[in-house]
Amino acid sequence: MNTHEFQAKQILRKYGIPVPDFYIASSSKEVEEIIKQYQLQSAIIKVQVHAGGRGKAGGVKLATNPQEILEFSQELIGKKIINEQTGPSGMISHQVLISPAILIKKEFYLGITINRELASRVLIASPIGGVNIEKIAHEQPNQLLMLPIPLEETFRSYHLIRIASFMGWKGKQIQEGVAIIQSLVKAFKETDASLLEINPLVETKEGHLLALDAKLSIDDNALFKHEDLKTLFDPSQMSNNEARAQQFELAYVALEGEIGCMVNGAGLAMATMDLIQYHGGRPANFLDVGGGASQVKVAEGFRIILSDSNVKAILINIFGGIMNCETLASGIIEAAKGLQIHIPLIVRMEGTNVEKGKQLLQQSGLKILITENLTEAAQQAVQLAQSVR
């Protein structure tokens, strides 16, 4: 689950990490009240969307007087941000973050994520901040320090000295930086985060360290432990299909192709998409219905796929391990009849009760093409999608 910048900053503040003052507004009236109450003369105004690259997309403004604060806020409330991270449909900012402008001397980067190769939480630090960390890793790898976080969830003194030296901190900055690192590790663990970053962490003109921007992503599988964090979820940052998919516990990602995919298992879904691409087609989505999908889930998966007008064919690829092929076939039939599907439907299934499942499909009276293997299924899906055009 992604969060907004202001929510991530609230979490950082809770753990004692210094962040600048900020205010949230979703209307012109609220902006006017903030300007008056806090006597703002200059401010940074930022859109609040679940994506980075907001500045380049026109979503960050520097206002040098109260009138500009109001005008820029009005411009950004309701603004649609479109970039690589939002996808072509973009994301709408329903509120803005207003923060008094401050003078800074230097920018740093601090973040924690999961490194699956090391099977460990990893701290990432760089004396260069305010830019995409992947860009630093690619262009200036010597400016990046990665340290696995020990099992005891705290760094030893020599680790902290190494980080402070690498970042170029001196004097009181060392003490402040060490405290921020320790609090960041604690916050990451206690929120069950998958990503927590401060970018940039800045040195103010007074020489103090301050978290100027923050990003927090929480592991969806751990949300059952965090009723308080569940309230941070903002459904407006998802498409209607993504929100529906989450409601029915379907893993769904919209793409830009013409072949809808319904698969059980993330690995099998990726392989299915690769084969479609290999044979000259383009997947319209990633949709994993999970190992124990019910007829209701299958039907909802169909509804989500069919809501995309670009879809010209649907490929269903199921391995009946946990899922029974007979149950799946019943779900397909019920959904297809109820939704009146008028585009080619290709089904490839293997596993438990596969013959009974195929028999049900064959006797359904529906125009369903049953294939024997995945390669044939992908080829047929591509050919039929092209014929619909």
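If you go along the chain as it appears here, the first residue is 1 and each next one adds 1.
Backbone N, Cα and C define each Cβ position, glycine as well.
Since this is a predicted model, take the numbers as computed values, not measurements.
Annotated domain 'ATP-grasp' per Swiss-Prot: 9-244, in sequence order, evidence recorded as sequence analysis.
Positions annotated as ATP binding site by Swiss-Prot, on the basis of sequence analysis: LYS46, GLY53, ARG54, GLY55, ILE102, GLU107. Take the CB of GLY55 (ATP binding site) and look out to 10 A: across all protein chains shown you find 12 other CB atoms.
The Mg(2+) binding site feature in Swiss-Prot is assigned to ASN199, ASP213. Reduced to three states, the DSSP call for ASP213 (Mg(2+) binding site) is coil.
Summarising the annotation, Swiss-Prot assigns substrate binding site to ASN264, GLY321, ILE322, MET323 and lists sequence analysis as the type of evidence.
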Candidate with the highest Cβ count within 10 Å, taken from the binding-site residues GLU107, ASP213: ASP213
Mapped onto three states, the DSSP assignment of ILE102 (ATP binding site) reads coil
Using a 10 Å radius around its CB, how many other CB atoms surround ASN264 (substrate binding site)? 26
In Å, rounded, how far does the Cα of ASP213 (Mg(2+) binding site) sit from the Cα of LYS46 (ATP binding site)? 10
Pairwise CA distances across LYS46, GLY53, ARG54, GLY55, ILE102, GLU107 (listed as binding ATP) top out, in Å, at 21
Under 8 Å by Cβ from ASN199 (Mg(2+) binding site), same chain, sequence gap 6 or more: TYR109, LEU110, GLY111, GLY129, GLY130, ILE133, ASP213, ALA214, LYS215
